């Protein structure tokens with residue numbers, strides 16, 4: 001009788017799937033220019049970074065840059081990968097053995113010792129700037145007394161209160177204002 005409809009549809013869909021895969025494989029790749037090219041390179045290369053031109057090889061002295069290849073011709077993933085930079089070795093890369101220092105290196109800690117003479121010269125230089133009166137013990141005491149006196153002068157009260165009661169024998173003092181008269 002013939003082929004059932006279900007099987008024929010299944011075969012048709014299978015054929016279309018294979019045909020679309022083959023067409024996609026042989027069709028020319030898309031072109032990338034400008035910002036799209038840079039974004040795609042950043043996505044493909046990631047942390048490695050990328051170059052716009054490959055190092056010149058001996059075989060092909062005139063190598064085209066990625067802009068010339070991807071913008072004017074077709075560009076695919078394999079071509080983009082060739083422009084990715086090689087990753088630099090990280091500090092945690094333990095695949096290579098660390099360099100061994102020679103054993104004859106001195107093991108003494110590097111310490112800058114206190115130099116008394118330099119300290120003494122700097123204090124003498126400071127003392128030369130001070131007046132002779134302030135360098136003596138008596139002079140320093142006079143300066144402290146002078147500072148205490150000035151501090152007391154700065155904090156004196158605004159109103160001097162009398163020590164005695166101004167009213168004689170408890171008599172009340174009545175002030176008459178000039179407005180009432």
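These residue numbers are counts, starting from 1, taken along the chain as shown.
Just so it is clear, glycine is given a Cβ too, placed from its N, Cα and C backbone atoms.
Values in this document were obtained by computation on a predicted structure and should not be read as measured data.
Your range for region 'D', going by Swiss-Prot and the list 86-91, 92-97, 98-103, 104-109, is 86-91. Spacing of residue 48 (site 'Important for interaction with integrin') relative to residue 163 (O-linked glycosylation site) is 90 Å (Cα to Cα, whole number). In the three-state DSSP classification, residue 48 (site 'Important for interaction with integrin') falls within a helix.
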